[in-house]
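K.L.:
The structure is given below, and queries will be raised subsequently.
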Amino acid sequence: MISAVLTTQPVHIIGAGLAGSEAAWQVARAGIRVVLHEMRPDRMTQAHKTDGLAELVCSNSFRSDDAANNAVGLLHAEMRKLGSLVMRAADANQVPAGGALAVDRDGFSAAVTKALAEHPLIEIRREEIGGLPPEDWGNVIIATGPLTSAPLAEAIRALTDESALAFFDAIAPIVHRDSIDMSVAWFQSRYDKAGPGGSGADYLNCPMTREQYDGFVDALIEGEKVDFKDWERDTPYFDGCLPIEVMAERGRETLRHGPMKPVGLTNPHNPLVKSYAIVQLRQDNKLGTLFNMVGFQTKLNYGAQQRVFRTIPGLENAEFARLGGLHRNTFLNSPKLLDPQLRLRAAPRLRFAGQMTGCEGYVESAGIGLVAGLCAAADAIGQTLAAPPPTTALGALLGHITGGHIETIDAGPRSFQPMNINFGLFPPLATAPTHGPDGKKLRGPEKSVAKKQALSARALADLDRWIGDCLKLPAAA
């Protein structure tokens, strides 16, 4: 499908976050001109701090890079096979993070910005699109993300006659490494697991006793919160990005079974005593001078954050490079509004990508941007691209967005919700593995591992066939 055909009409892409940047790259790789519109720095958002493309506003983690055993790791592998700019920039700017792929956020954004700015077929325009695109833009990708500007959001709502749902997305605090007390904290990845660029000792761990944990939970619940704006009230949270104080309010033990779970970690300062809970910090930049507090997104006000988080053992004198925050996110009822090519049924010249479609996570957003870019490139030369097989991570995610969910439950509100990639979105195996390589019958966890590995192997094989048959390109190694 992809060929170096220069068309007179460019593809217009609105929004240069992860999805828009990846879409622009894929369209340009196909030989199609791109005009990439980004409103920053002329108009900033509540969460962005720079004018860089593909700025990471929350975590710096792309999560697991294990393609054989983890669905997001599989998505990484599929995107690499398709020449993803986001994955190339992530690989080039990785920082140690155990079994995860984490990046230096500034280096990552700079790499994406440089690649797009230097591409001869990509024009970057720093301007806000204050409403629906002009009618003479016949091939448009809207990838404006969770913080779509109000005029454009209202225009989309008016066009679709749908009230976009909204949820909160959260930012975790970042701590200066040299302010952490290493006589209390220690380096270790959970179960000593090493990952890309890592050593198996990539997280900083701060232990808590039962008494310290109980006091911390009380302080979280009692801490002063930032008041919601009128337009934020009654907005549901997305469970994958709950504020830590909301988790604490759901039950006293919630945190120690979530981001503060102590399993797989041993305190070398006191190896015979098991910690009741552990706070982990993950390296945030290549220099190793900044560490972010894993899972500590919050709506506490700045004063409460500093007071409460400095009760954590090892962080008594913590200096914060950035405190946490919370912002609203919006998404479409995509199964109803979008066709399998991610086009708006009410206006097929408009295609959507990224978090607005109902995918959740950096890599998922970029992955849907990748698919949108390939589809738009096909449209530009009068072709239609077959969707990636549903057995692949990209295809499974696309299926979730464009038709994998029930519209209503008992005539109530729609049930479509944002989703991270997971093996539950994949079609079942025709024959699930029952025996291991040694011929022994698989049981319990071994059976689950074998199933995930079989799903991943099937996905990569099917993606290679799709690349060869539909894109007419050799699959990357």
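Cβ atoms here come from the backbone N, Cα and C positions, even for glycine.
Okay, these came from Swiss-Prot:
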BINDING   Gly15, Ala16, Gly17, Leu18, Ala19, Gly20  FAD binding site
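What does the local environment look like for each feature on the list?
P.N.:
Cβ neighbour count for Ala19 (FAD binding site) (all protein chains, 10 Å cutoff from its Cβ): 35. The secondary structure of Ala19 (FAD binding site), as reduced to three states from DSSP, is helical.
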K.L.:
Give the number of CB atoms, excluding that of Gly17 (FAD binding site) itself, located within 10 Å of its CB.
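P.N.:
Excluding its own Cβ, Gly17 (FAD binding site) sees 28 Cβ atoms within 10 Å.
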K.L.:
So which other residues, same chain and not among Gly15, Ala16, Gly17, Leu18, Ala19, Gly20, have a Cβ within 8 Å of the centroid of the Cβ atoms at the FAD site?
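P.N.:
Close Cβ neighbours, site residues excluded: Ile13, Ser21, Glu22, Ala23, Leu53, Ala54, Ala143, Thr144, Gly145, Ala353, Gly354, Ser365, Gly369.
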